[in-house]
Structures are given as structure tokens and as C-alpha cells.
Amino acid sequence: MKKVILFFLSLIVGVALFIAVFRYIGVEAFKEAFKSFSWWTIGVVAVLAYAQTFVGIYRWKLILRAQGDNVTIKQLVAPKFAGLTVSYLTPGPNVGGEPVSAYFLKRNAGIGYSKGFASILVDKILDFTYPIPFLIAAMVYAFFKYDISWQAIGVFVFTLLVLIVLLAVFYVQTYRGIGFFSSVIRVLRLHRFKRMQKMIDKMLHFEELIIKFFNHQKELFAKGLILSLIGGIIVLLQFVIVLISLGIEANIVQILMMMVFMILSSFMPIPAGLGSYEAGQVIVFSALGYTASIGVAFALILRAVEVFKLGL
């Protein structure tokens, strides 16, 4: 019951923020932003969105193969899309659908829940790892080039530092064979709580599978990062096409900044990043010298494509 209440409270906050953004830019300015927009763009961007998802599915297939499980792309489609849908609707940084993906993977391919969940965690870690250098580069460039508020910079720096520290601790502990989860359990002394013992045992089992992958499948790890990068390039192409259709010719660094604020907005505890995604693009587009209404139009087009892709 508590989770349901928190979900609806966060949804209310998102709706309020969404309305506030539209009140800020005005209806007429919003209509003007779509004046030069070509509606065929949505179809092209949707095709790219599906392509990016299937690159992710293939990466997941490689991870499962490294664990000794041979599955087909077809068997992974339903688990992947089910997980993405739940993650999209769950408040937070694109997480929440992992247990759902593991459940459907077990049902479709007969892979045990623990092994399936471990493969999903590895997949998610790869997703969080590859953008780090680009996020840092975009942050440094924006800091010196554009007039972005100190509050926005502060939020971004804090979020990025937390992500870097967590990933650094994860990789160091994993390659030492100690494990990230073991370290967390030891530091927080969670083993003292008998009620949590079953959950701890599962976490340690996940960890054992994850350590095995990172320590013994380095070639596949490199392939996974390359596939993640390809997925990122496809997202970049989506951004370029939408911007051109709106009459905006942005350079690569400006587009990276837009991606940065898209990622930042996903960390807000609001379902589907409602309102926060649009507000983030208002900030970055205004800082880049474009109108706020173009930023909102840009965000809404990408949101519409994502909703279409997930069948919501």
C-alpha cells in the first residue's frame, strides 16, 4: 500500500511539473515550435528506437551465452520489452523492470531466475558504464561554454560523481573477486538480520555469476561495451533527426548535452520522467540559445516514440 501511495504522489508531482512547463512556454510558442516539423520523422525515429533495443537484446544474448545458456533472439524479445515497460513506468533511473524480465526469461527460455537476473544486472552495468566519458566531456564543455545555472551544474556533478563512485567500487571489488554486494552487506552488517538471510543468499549467488562473467569473459565484456556504444550512436541519430525536423542544426557537443539532461531527468523519482524530462530540455535548450518551446517539442517527440515502441 505504501508503494502505491508513493507512486501516485510521484505521479502527481510529475503532472504538476509537466503543467508548469507548458504554462511557462505558452501554448502559442509550443505550436510555433512544430511549425517546420515533418511528421514522417516519428516513423524514422521509431525504426531507430527499435534498432537500438534489438542491439541491446543481442548484447543480452551474448551475456547469457557467456553463462552457458544458448537462447534465440525471439526468446528474449518478450522479456526485454516487458522489463523496459516496467522500468519506464517505475520512478527512478530506468530500473525496476529487471525482476519482470527475469520472470519472462525463465518462462520463455527455461533459464533459472538467479542466472537470468544476474545476466540482466551485467547488461544494466554495461548500460551505465559506456556513457561516463561522454558525460564528463559534455559537462566540462558546458561549464566553460554556456550560461547554465549553478544549481543545474551542481545536480549534474553530484549525480555523475555518485554514479562514477558506485561503478568504480563495483569494478574494483569484482575484479578483486570480493564482490560489490558482499562489500555492501559487510559494511551495512546486513547479515545480522535473520529475516534478510534468504535475500542475502540470493544476492551472493547473483554476485558469484557476475564475478565469473567479468573475470573470465573479458572479450565478451569488450563486445558488450562496443554494442552499448553502437546503441548510444543510434540514440544520437534519433536526436539529430528530430532536431533537423524542428529546424535546429546542433553540433555533436550540444547534442551530447541534450543526452546528458535526458539521463539526468531519468534519475528523478517520477514515473516515465514526466515533467522532469521536458524541464531538463527547457534548461539545456535555453542555455544553448534556442527557445524553450523547441526543447519541450523535442522532448515530447522522443517521449511519443518511446511510448509507441513500448506499446503503452
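Backbone N, Cα and C define each Cβ position, glycine as well.
As given in TrEMBL:
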TRANSMEM  5-25  transmembrane segment
TRANSMEM  37-58  transmembrane segment
TRANSMEM  125-144  transmembrane segment
TRANSMEM  150-172  transmembrane segment
TRANSMEM  220-246  transmembrane segment
TRANSMEM  252-270  transmembrane segment
TRANSMEM  282-302  transmembrane segment
Sequence-remote contacts (6 or more beyond its ends) of the transmembrane segment (125-144), Cβ cut-off under 8 Å? 56, 59, 94, 153, 156-157, 160, 163-164, 167, 170, 221, 224-225, 227-229, 232, 253, 256-257, 259-260, 263, 287
Apart from its near flanks, which chain residues at least 6 from the ends of the transmembrane segment (37-58) lie with a Cβ under 8 angstroms of it? 73, 76-77, 80-81, 84, 123, 127, 227, 230-231, 234-235, 237-238, 241-242, 245-246, 297, 301-302, 304-306, 308-309
Take a look at 150-172, 220-246, 282-302 and tell me which one has the most Cβ pairs under 8 Å to the transmembrane segment (5-25). 282-302
